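What Swiss-Prot says about this protein:
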- 6-61: domain 'ClpX-type ZB' (DOMAIN)
- C20, C23, C42, C45: Zn(2+) binding site (BINDING)
- P131, T132, G133, T134, G135, K136, T137, L138: ATP binding site (BINDING)
Amino acid sequence: MAKGKQSGSSNSRDELMVNCSFCGRSSDEVNSMIAGPNAFICDRCIQSAVDIIKHDLSAITTKRRSNKTAKLVKPTEIRDELNKYVVGQERAKKALAVAVYNHYKRIESQEWLLEEDDVVIEKSNILLIGPTGTGKTLLAQTLANILDVPFTIVDATSLTEAGYVGDDVESILARLLQAADYNLERAEKGIIYIDEIDKIARKSANVSITRDVSGEGVQQALLKILEGTVAGVPPKGGRKHPEQHLINVNTKNILFICGGAFEGLEKVISRRLAQNAMGFGTAITAASEKESIELISKVTPEDLYQFGLIPEFIGRMPFIATLDPLNKEALKNILIEPKNAITKQYKKLFEMENVELIFDTDALDLVVDTAVKRGTGARALRSVLEEVMLNIMFDLPNMNEVKTCIITKECIEKKAEPMYLYGESERKKSA
């Protein structure tokens, strides 16, 4: 180590004088100078480096603590966040909030639970039952956003047993890996939503002698990844090939949410309730919408078995949440209330063009009425509006003088042009 303020003649001092390779200070300007291979560093630069490292480590630690806390969002907080994006479905929101909280609390607790002395907490996979367009997919997607975890959606009807044409169940994990940018640690704590799960039910409760490669066979194939296993996944998706490098994905901490409409399930439930009440089967009459909602809320694992899900699959779905059909009031609220309501999205797009977008109340009511007739729930709201807004948004970028665009009932009913406002007071209908 060379030190500053060396004694001796001027010539000897010049020979001993060295400069810091980082800041350029000479040895007589600092307290000490450390020599390395072809380089020197002074005590001031060392102190600066220590301060920088401490600051960076502190920031990393804070971020890790923040991420750790974020995973354990309380059920009430999860429900409140869901309320910002999903209208109604209070029963389903509460069930999802509890299931998700328990799932990620289970993951965090694995670091300190004793293997022999503590109770093993099983996975809390979720089954969502409800008509088309009631918010099953949106609930799952919103949960993933709240928790900041990778998320992917899979259509159960595209899955087949290994060895048959179609996607095998391990392709689900490949999609989750892609959603996580191939960050294995994040992927192994992600959420997978399997839609149309009711479409892979057996056609009857009796075991068929024929091979069901897209029904019961897929249910059997899903069992291991639902419960927790290490599966080899091709790095870029697709089918496995001999000598191919595989990424081993552990599914024990992946949350699976399965959803389906389960059309006809209310008849299965009604038959069971009738048998319990009368002691024998009675004629099943057509149930009203209100009665169907009440029946679906009383679903049991036995009903799901009678519908066509195998017992092992049902056993891996401990949380069952039912969703209600959407009435006109709910659809109207979906149009305008959620944080990402479709009308708010259109208003934002128009705002980017410096145009204010206004929807007349009568126009919104007609959108709802049209959506109800189409029978696809909230999905129909978007399709109805897109049909109306397409031509308007096509022409809007060329209409530099427009300040306000008003969507009227005639726009929905007759595909008429909207009312445009030019400047502060002049209202003019488009030619």
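Cβ from N, Cα, C; glycine included.
A map of Swiss-Prot features onto the structure.
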residue : record              : Cβ neighbours (10 Å)
C23     : Zn(2+) binding site : 13
C42     : Zn(2+) binding site : 26
C45     : Zn(2+) binding site : 18
P131    : ATP binding site    : 20
T132    : ATP binding site    : 16
G133    : ATP binding site    : 24
T134    : ATP binding site    : 26
G135    : ATP binding site    : 28
K136    : ATP binding site    : 26
L138    : ATP binding site    : 19
Item checked: Alpha-carbon distance [P131 (ATP binding site); C45 (Zn(2+) binding site)] in Å -> 66
Check: Relative to the Cα of T134 (ATP binding site), which of the binding-site residues C20, C23, C42 has the closest Cα?
Finding: C23
Item checked: DSSP three-state assignment (helix, strand or coil) for C23 (Zn(2+) binding site) -> coil
Check: Of the binding-site residues listed here (C20, C23, C42), which is spatially closest to L138 (ATP binding site) when Cα positions are compared?
Finding: C23
Check: Three-state secondary structure of T132 (ATP binding site) from DSSP?
Finding: coil
Margin query: By the count of other Cβ atoms within 10 Å, pick out the sparsest of the binding-site residues C20, T137.
Written below: T137
Next item on the list: Just give me the nearest neighbour of G135 (ATP binding site) among the binding-site residues C20, C23, C42, Cα to Cα.
Entry: C23
Notebook entry, point to check: When the Cα-Cα distance from P131 (ATP binding site) is computed for each of the binding-site residues C20, C23, C42, which gives the smallest value?
Noted result: C23
Notebook entry, point to check: Nearest to C20 (Zn(2+) binding site) by Cα distance: which of the binding-site residues T132, G133, K136 is it?
Noted result: K136
Notebook entry, point to check: Roughly how many Å separate the Cα of G133 (ATP binding site) from that of C23 (Zn(2+) binding site), to the nearest whole number?
Noted result: 65
Notebook entry, point to check: Taking only the binding-site residues T132, K136, T137, which one has a CA atom nearest to the CA atom of C42 (Zn(2+) binding site)?
Noted result: T137
